[in-house]
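Accompanying notes for the structure given below.
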Amino acid sequence: MAQFYSAKRRVTTRQIITVTVNDLDPFGQGVARHQGKALFVSGVLPQEQAEVVLVEDKKQYARAQVKRRLTDSPQRQAPRCPHFGVCGGCQQQHASVALQQQSKRAALARLMKREVDEVIAGVPWGYRRRARLSLNYQPKTQQLQMGFRQANAKAIVDVVQCPVLAPQLEALLPAVRECLSALSALRHLGHVELVQADNGPLMVLRHTAALPAGDREKLERFSQTHGLSLYLAPQSEILEHIHGEAPWYTSDGLRLVFSPRDFIQVNDGVNQQMVRTALEWLDLQPEDRVLDLFCGMGNFTLPLATRAAHVVGVEGVPALVEKGRENAALNGLSNVTFFHENLEEDVTRQAWAKHGFDKVLLDPARAGAPGVMPHIIKLAPRRVVYVSCNPATLARDSETLLQAGYQIQRLAMLDMFPHTGHLESMVLFERRLT
């Protein structure tokens, strides 16, 4: 007769060990050594000793949680945010900005197998001009939760302040919470998005059921009182403009109008420096033809057009192409054209590419641009500037250019998101003369 039984559950004793952290990875985790492999410990800095509990032990690495910190690094600082350590937004407020930049710079250098020439950074606090806050009504407490997701969890951390937000947006948080809590439809609210445009703040409210007329009136009064533009989003694809003027921001002195749904760089200060650096690295001449791939609505494209003979911007999102054309017209630029194309296809076959390009700029998403790199090589531009939000895909794509005879002339780390593990960068490639 068959015997059915439950196997005894294997119990693993959580081992407590004492370690000294000797490095910080780009995500803000301390790195120590244990039994010949890397041990990652959140919350511990280089030169600090701590008692830790092993929570994961793999063949190549292990992870641990801090039980007790025994020493403090001179680079340790008190986090400004009361939610740090619970909120998933920031991972490195306990480390000095200098240490954060040093660890990211070192990580980029390792991946690119080259020293980093410069760090492009702005103010470390109050830099975020965009934030999406989750909303959730709690029937038991009859309170509306408004905040960011908890680290490694779906739970919402109710935020009362956020020091990385632009000061104008952080100041709005209590008033936004009070306004939304007074709505009769507060059980049907999904999230609220706040954006600081150059011409003032805007708010987008995602709601999952129709708002009563009284709620709409309350929201409109709120937007008028606080001088912000208001948009309602009854569905993810629908955006209803209720109050205020269309938002815009500047890039190298040019005005770019955008929709709340459009991608814009979160850190305005670093974006301005990044655009100026790209213009400088490309060494634009009045006769140059320039190609801007993954151009969005013209963050780089339009400034390029003020210095070159002709610029072509290519983008895979039709709405951004239309916005780029609109912004070119608003700025009186007639030497720039925008095209909607599938960037995985051979762009060199397009009619607009038949005259070739002297310089190329690309700013792809995290997946990088593996399908585009061979086409850039076909175009044979003298200089290429690659702006990246993922150093791993940048390193991969760079190999294609290096093997084709290009050389890295400049490498910069962009500290676009201080106190987080995000690492952005930009590289200048120059074709080697034969």
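Glycine is no exception: its Cβ is also placed from the backbone N, Cα and C atoms.
Feature annotations, reproduced from Swiss-Prot:
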- 10-68: domain 'TRAM' (DOMAIN)
- C81, C87, C90, C162: [4Fe-4S] cluster binding site (BINDING)
- Q265, F294, N299, E315, N342, D363: S-adenosyl-L-methionine binding site (BINDING)
- C389: active site, nucleophile (ACT_SITE)
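Features recorded in Swiss-Prot, as mapped to the structure shown.
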residue: C81; record: [4Fe-4S] cluster binding site; Cβ within 10 Å: 19
residue: C90; record: [4Fe-4S] cluster binding site; Cβ within 10 Å: 24
residue: C162; record: [4Fe-4S] cluster binding site; Cβ within 10 Å: 23
residue: Q265; record: S-adenosyl-L-methionine binding site; Cβ within 10 Å: 22
residue: F294; record: S-adenosyl-L-methionine binding site; Cβ within 10 Å: 20
residue: N299; record: S-adenosyl-L-methionine binding site; Cβ within 10 Å: 27
residue: E315; record: S-adenosyl-L-methionine binding site; Cβ within 10 Å: 24
residue: N342; record: S-adenosyl-L-methionine binding site; Cβ within 10 Å: 10
residue: D363; record: S-adenosyl-L-methionine binding site; Cβ within 10 Å: 21
residue: C389; record: active site, nucleophile; Cβ within 10 Å: 20
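Using a 10 Å radius centred on the Cβ of C87 ([4Fe-4S] cluster binding site) and all shown protein chains, the other Cβ atoms total 20. Same-chain residues that are not part of C81, C87, C90, C162 yet have a Cβ within 8 Å of the Cβ center of the [4Fe-4S] cluster site turn out to be H83, F84, G89, Q93, F148, V159, P163, V164, H419. On the backbone, the CA of C90 ([4Fe-4S] cluster binding site) and the CA of C389 (active site, nucleophile) stand 17 Å apart. Nearest in space to C162 ([4Fe-4S] cluster binding site), taking C-alpha to C-alpha distance over the recorded positions F294, D363, C389, is C389.
In this record, S-adenosyl-L-methionine is bound by Q265, F294, N299, E315, N342, D363; the longest C-alpha to C-alpha distance in that set is 23 Å. Rounded to a whole number, the C-alpha distance linking Q265 (S-adenosyl-L-methionine binding site) with C81 ([4Fe-4S] cluster binding site) is 23 angstrom. Cα of E315 (S-adenosyl-L-methionine binding site) to Cα of C389 (active site, nucleophile): a distance of 17 Å. The residue listed as 'active site, nucleophile' and N299 (S-adenosyl-L-methionine binding site) are 15 Å apart (CA-CA, integer value). If you average pLDDT over the domain 'TRAM' (10-68) in this model, you get 89.
Here is what falls inside 10 Å of the CA of D363 (S-adenosyl-L-methionine binding site) among the recorded positions C81, C87, C389: C389. Taking the Cα atom of each, C81 ([4Fe-4S] cluster binding site) and N342 (S-adenosyl-L-methionine binding site) are about 43 angstrom apart.
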